Structures are given as C-alpha cells and as structure tokens.
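Following: one structure in structure tokens, then a few remarks.
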Amino acid sequence: MHRRRVIRVPASSANLGPGFDAFAAALGFHLELEVEETGTFAVETELDVPRDRSNLLVRAFEWLHPADGLTFRVRSTIPMSGGMGSSAAAVVAGLLAADHLYELDADVLALASEIEGHPDNVAAALHGGFVICADGAAVRFDPPPALEAIIVVPGDPVRTEEARAALPEAVPMADAVFNVAHGALLVLGLVQGDLELVGRGLADRLHQPRRAHLYPRSMELVAAARSLGAVGASISGAGPTVLVWTHVEQTGAVFGALREWSAGWATVQRAAFEPAGADVREL
Ligand SMILES: Nc1ncnc2c1ncn2[C@@H]1O[C@H](COP(=O)(O)OP(=O)(O)OP(=O)(O)O)[C@@H](O)[C@H]1O
Ligand SMILES: N[C@@H](CCO)C(=O)O
C-alpha cells in the first residue's frame with residue numbers, strides 16, 4: 001500500500017514591528033503538500049521552485065529521512081516576493097511530512113528554526129495565531145477578533161539572506177530600549193484587544209530603518225498607513241511586503257485607499273490572521 005500524507009501550512013508575517021526574530025503571526029494563505037510513496041522521486045508543482053533535491057521543502061524532508069521513491073506535489077497561495085514566510089512554510093511542510101510518514105517524533109520547531117536561521121516564521125507556521133519565541137520555544141495566543149490585515153506585495157523581491165546581511169552586529173542601547181517598550185505595548189494591545197495600543201506598539205528602531213534602502217517604497221507606506229485609516233503597518237518579515245493592520249469595520253475603506261496608493265507598484269490582498277497552525281492528514 002502506498003502511504004500518502006497531506007500537509008497544510010499557513011503563511012506567516014514575522015517581526016510585527018518591534019519583535020525582530022521573536023514575534024510572528026500566521027496568515028490565511030497556505031502551502032499544501034501531498035507526499036506519496038510512488039517508487040519514483042519527483043517534485044510536481046507549478047511554483048517557480050527547483051524540482052530536484054535542491055528544493056527547500058525536499059531538503060528539509062531529507063534532514064529527517066531520504067526522499068527516494070517519494071513524489072511531492074506542492075501548491076501554494078503564499079506570495080513569494082518575500083516577507084510572507086514562504087520558505088518557512090516549505091521547511092515546516094517537509095519536516096512534518098517526514099516526521100509523520102516515518103513516525104519519528106522529531107522536534108520540528110527546533111529543526112525548522114535551525115534550517116531557517118530564526119524561529120519566528122516557523123513557529124507561527126506550526127502553531128498558528130500569534131507567537132512569541134524565546135528560549136527555544138514559542139508561546140502562542142489568539143488574534144483579537146476585531147483585527148484584520150491587508151498585505152501589500154511589491155513586484156520586486158527582497159531575499160531574506162540579503163536583508164539579514166544589512167543588519168549590524170550591535171545596536172545602540174536607546175534603540176534596544178525603544179523596541180522593548182514598543183514590543184510590550186504591542187503584546188498588551190493584542191491581548192487586551194486594544195487596537196489603539198496595537199498601532200502604537202508597531203514602532204520599530206532595530207531592523208526596518210536599517211533595511212530601508214532595500215524597500216524604500218514599503219517604508220513610505222508604513223509611514224503613511226495610519227493616514228489611510230489603518231491601525232498601523234509593519235514590514236512583513238524581511239520585506240518588501242507590507243502588513244497593514246486594520247479594524248474589521250475599516251478594512252474595506254483601507255483596502256480601497258491602499259489600491260490607489262499602490263497602483264503600478266504592488267498588489268493588494270486582504271489577509272485574515274489565521275488561528276490554525278500546520279495540519280497533517282493521512283490519506
Ligand atoms: N513551496 C516552496 N517549495 C520550495 N522552495 C520554496 C517554496 N517556497 C519558497 N521556497 C524557497 O524560499 C525562497 C524564499 O525565501 P525567503 O526567505 O527569501 O522569502 P520568504 O520566506 O517568502 O520571506 P520571509 O522569510 O521574509 O517571510 C524561494 O526563493 C524558494 O527558494
Ligand atoms: N525575523 C526575520 C524574518 C525573515 O523572514 C528577519 O527579519 O530577518
């Protein structure tokens with residue numbers, strides 16, 4: 001009998017303003033992997049990704065088990081311009097597939113964090129909701145009901161590797177203090193459902209200003225978001241995608257304003273905060 005598994009993993013937005021490499025949220029776009037023992041190694045996908053063993057999802061799978069004789073069928077609605085956790089979703093899908101097919105009981109969060117180089121996206125992809133990563137573990141909490149998001153995705157990609165290389169080894173104490181304070185405001189606002197506090201808490205002085213040369217227009221949008229009716233905005237992960245945070249009653253109006261603001265530069269899509277994390281089904 002051919003064993004078969006279907007793995008569904010959400011997109012994720014990391015950093016959320018002040019929480020560099022520590023905060024992330026799952027979003028309602030998904031990667032779906034069907035892996036089947038067919039006797040032939042193959043990657044079947046319409047995505048612009050390698051179809052051989054250099055494919056990131058297959059590489060993650062092979063951290064746990066050889067992929068010989070397996071066919072990987074991959075679909076995804078996660079934008080791949082950068083910032084939406086497409087690589088984290090692929091890594092989590094590959095690891096979960098091997099873990100479930102061969103009943104390995106692996107520490108998927110630890111392995112995925114090692115492969116990605118940071119834990120934020122993979123933790124949100126695994127657990128859903130909002131996550132705070134610390135001490136090799138992730139604490140999850142639910143999105144507040146009145147909160148929605150819109151993603152603004154520029155056509156020109158920024159690779160995470162390049163964005164990480166733009167950051168210094170050390171930062172001034174004042175910038176660190178600023179981010180500790182705003183990170184705390186953000187989490188308090190999210191837990192209390194106080195979107196005014198959430199908007200204040202999105203400010204960052206650690207990574208966004210130091211990467212601004214990689215995505216100048218995205219930074220202009222982050223600065224303009226509140227004047228367009230949004231709660232606030234953050235560069236999503238390593239950018240250039242912008243996560244625009246909205247109150248449910250304002251999302252429609254903000255969406256229209258963003259379409260106008262972004263015409264000819266970026267695509268605009270509504271995005272729900274996703275409470276559910278990665279899911280594995282046996283077929
Ligand atoms: N479904 C997939 N299958 C295989 N590889 C993928 C898949 N999705 C993404 N990748 C790989 O991940 C790379 C993108 O990773 P990168 O970290 O630069 O962006 P991201 O994960 O979308 O952004 P961020 O990490 O800022 O959220 C792609 O170039 C591709 O090599
Ligand atoms: N925290 C990471 C997220 C990248 O997906 C970074 O900003 O480099």
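Easy rule for this one: first residue shown is 1, then count along the chain.
From the backbone N, Cα and C atoms, a Cβ is placed for every residue, glycine too.
TrEMBL annotations: computationally assigned, not manually curated.
PRO79 (ATP binding site): 21 other CB atoms within 10 A of its CB, across all protein chains. As annotated by TrEMBL, ATP binding site applies to PRO79, MET80, SER81, GLY82, GLY83, MET84, GLY85, SER86, SER87, ALA88, ALA89.
Residues belonging to the domain 'GHMP kinase N-terminal' (55-129) score a mean pLDDT of 97 in the model. Residues or ranges marked as domain 'GHMP kinase N-terminal' in TrEMBL: 55-129.
The domain 'GHMP kinase C-terminal' annotation in TrEMBL covers 189-246.
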- Across the domain 'GHMP kinase N-terminal' (55-129), DSSP labelling yields 40 helix, 7 strand, 28 coil
